[in-house]
Structures are given as C-alpha cells and as structure tokens.
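Worksheet: the structure to be examined is printed underneath.
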C-alpha cells in the first residue's frame, strides 16, 4: 500500500522541483551568445560589466531599474539585484547596499543614486561621496589649414559649448594668413612629419584627474591610419591617498618633491589588481601652499586581473620627475578632475 502511494508522491515532488527551479535558480542554462559587434557604448557614469552568467559585456542596470541574472546591477555603485520574495526570482529591482547618503546642492541622495547636478554633469552618490563625469564632449580641436582659428562658444539654447571656425582677421593674396597656426608641443611622433598627406599632431597629456589615487589623463592625436583626431587616455596616480607624506619632509625644508616608497606596490582599478608589482615614483607635498605634480612622465601598459579571472590591459602613466609650484587648483573646486596642468617629456 505504502509503495503504491510513494510512487505518485515521488513523481509529484520531481515535477514540482522542475516547475519551481526556473523561478528559484539563476537562468544561466542558455549557451553564451554575444553580439558580433563591439561591446555596447554605455551612457556617462554607467559601468560596462560582464552579465551575471559571465558571458557577455552589458551596460549595468542603475538604481531602481529592473534587473535579471543576465542584466546585473552596477557593482561599482554598491548596487545589487533585489529579487524580493523567494517565489519570484526571475526579475528584481536594483537596490543600494547600506551606505551613507549624500547632500549636494541642497538635496539629499541615497547611496547608489545617480543624478544630474546640471546639464553638463552626471553624478553618483556612493556612501557619502559624490563623483561626477562630464556629459559634454571634452574633445580638443587642433588648428588646421581649413580651420586655423578654432574656438569653443556657447550657443543659444544649447548646454554644451561647440567648436566654431572664426574667419581670420588678415587675408593674403593666396588666402587667409596662418600666423596663428602653431603646433602644440608634442612628445613621441614628430609633429612636422608628413605621412600620406597627413600632418601628424599630438597634444601633451593632460594632468591626472585625481590629486591622489587612481585617475585618468588624456591627450588628442591624429597619429592613426585615417589621420582623424582621436582622444587617447591612460591611467595615472600622482600619489597614494593613504600616504602621509608631510612627515617625510626634512627639517628646514617646505617640500618633498619625490618621496621614496618603501616597498613595491600593486595598483587597483575597480576591484581589479595589477598582475605585477611596481616600484613606482610618486609626487610629494609642500607645507607652504605649493602643490607637487608630475613634470616628466612615460606611458607603459599594465595588466590587471579581476575577481572573475578576466585580464585587462590599460596604459598607465609612470612618473619620472615632479615639480612643485603655486599653480594649483582651487580648494573649493568641486570638479577638480577637470583641472589641467600640462606635463612635459612623455615618451609614449
């Protein structure tokens, strides 16, 4: 009797398990099939991450957006996919982990929440700190024979400035005078080199976007196959944030230009760690109001290994010498990352 009853009961339990598994588990059973084209272009401030199944790169979902196993929330903003009750585990909502709120411009934002401080900046609150990225293009237009006087202007009804080509004041018998057509100082490719009817031009690297910790430095060049202007970027670290450099200033001195680092370091980027250790140079500090910034640098590739095993290679600035000066960004500059001080002598 028991045996005859156990059969139907066991079958019912198996069927119940099969029916509830898609709702309770993670839907990663499908074969990895990613789009043939390059990785998607994410909006400003949105991370490009691997989907929850480790298959394809996707734009991370933001606070309050719907999420699934294949459409994860932005981990760099402390977000996770809250699936709610155990009975519904297919679709969730991106929720912020516990973190301190931010007060910005008289408004309070939750940790993980993104907002526009103005039409020019997209900001994110993360555990009490606000980080912003520009929404307007930061491109640089170099002078050229067809546009020797480029200038950025604010146009009516538009938020971002745009490039316009001013007519030269003086004209010669053979056309506009090119007296203002000067090449910027460059390091690397020869700026006077003509290659396939292309005048190669490269600007200097901009200052690092962070005064301490990992930041970004950029430059513009047309040194490519199509002779088109493109922006290049590299990682940079002027000094570690946790280092107390003032204690290394010698008695009677007001600055320490390039402090000695006791041991090799590993760089970190968005949870990923450099494969190798580096005995890098960093810039020091002053006690008389001056700031120390990189003066001569070089660019080298650095490999980073992420927790999921992915290896990514990024170009990074390595400091050769530093200079201490009074040309410093303002202490109340909220968007200090937009401050640029040119660096010289880069060999890459």
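Note: Cβ is positioned from N, Cα and C throughout, glycine not excepted.
According to Swiss-Prot:
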DISULFID  28-53  disulfide bond
DISULFID  32-55  disulfide bond
DISULFID  34-56  disulfide bond
DISULFID  42-59  disulfide bond
DISULFID  67-81  disulfide bond
DISULFID  73-94  disulfide bond
DISULFID  255-292  disulfide bond
DISULFID  272-306  disulfide bond
DISULFID  283-322  disulfide bond
DISULFID  286-324  disulfide bond
DISULFID  291-328  disulfide bond
DOMAIN    26-97  domain 'IGFBP N-terminal'
DOMAIN    100-166  domain 'VWFC'
DOMAIN    197-242  domain 'TSP type-1'
DOMAIN    255-329  domain 'CTCK'
REGION    246-348  region 'Heparin-binding'
SIGNAL    1-25  signal peptide
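Sequence features, as recorded in Swiss-Prot, placed on the structure.
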residue: 59; record: disulfide bond; DSSP class: strand
residue: 81; record: disulfide bond; DSSP class: strand
residue: 255; record: disulfide bond; DSSP class: strand
residue: 272; record: disulfide bond; DSSP class: strand
residue: 283; record: disulfide bond; DSSP class: coil
residue: 292; record: disulfide bond; DSSP class: strand
residue: 306; record: disulfide bond; DSSP class: coil
residue: 322; record: disulfide bond; DSSP class: strand
residue: 328; record: disulfide bond; DSSP class: coil
Please tell me which one of the disulfide-bonded residues listed here (53, 56, 67, 322, 328) sits closest to residue 94 (disulfide bond), measuring Cα to Cα?
67
Using a Cβ-Cβ cut-off under 8 angstroms and a sequence gap of six or more, which residues of the chain neighbour residue 255 (disulfide bond)?
249, 284, 285, 286, 287, 288, 290, 292, 324
Whole-number Å value for how far residue 59 (disulfide bond) lies from residue 272 (disulfide bond) (Cα to Cα):
18
Chain-internal residues, separated by at least six, CB under 8 A from residue 81 (disulfide bond):
61, 67, 68, 69, 72, 73, 92, 93, 94, 95
Give the helix, strand or coil assignment DSSP yields for residue 34 (disulfide bond).
coil
Could you work out which of the disulfide-bonded residues (53, 291, 324) has its C-beta surrounded by the smallest number of other C-beta atoms within 10 A?
53
For the region 'Heparin-binding' (246-348), what does DSSP give as the number of helix, strand and coil residues?
6 helix, 40 strand, 57 coil
Out of 42, 67, 283, 292, which of the disulfide-bonded residues has the smallest number of neighbouring Cβ atoms within 10 Å?
42
From the DSSP assignment alone, can you count helix, strand and coil residues within the domain 'TSP type-1' (197-242)?
0 helix, 16 strand, 30 coil
Using DSSP, break the domain 'VWFC' (100-166) down into helix, strand and coil residues and give each count.
0 helix, 33 strand, 34 coil
Measuring Cα to Cα, how many Å separate residue 59 (disulfide bond) from residue 328 (disulfide bond)?
36
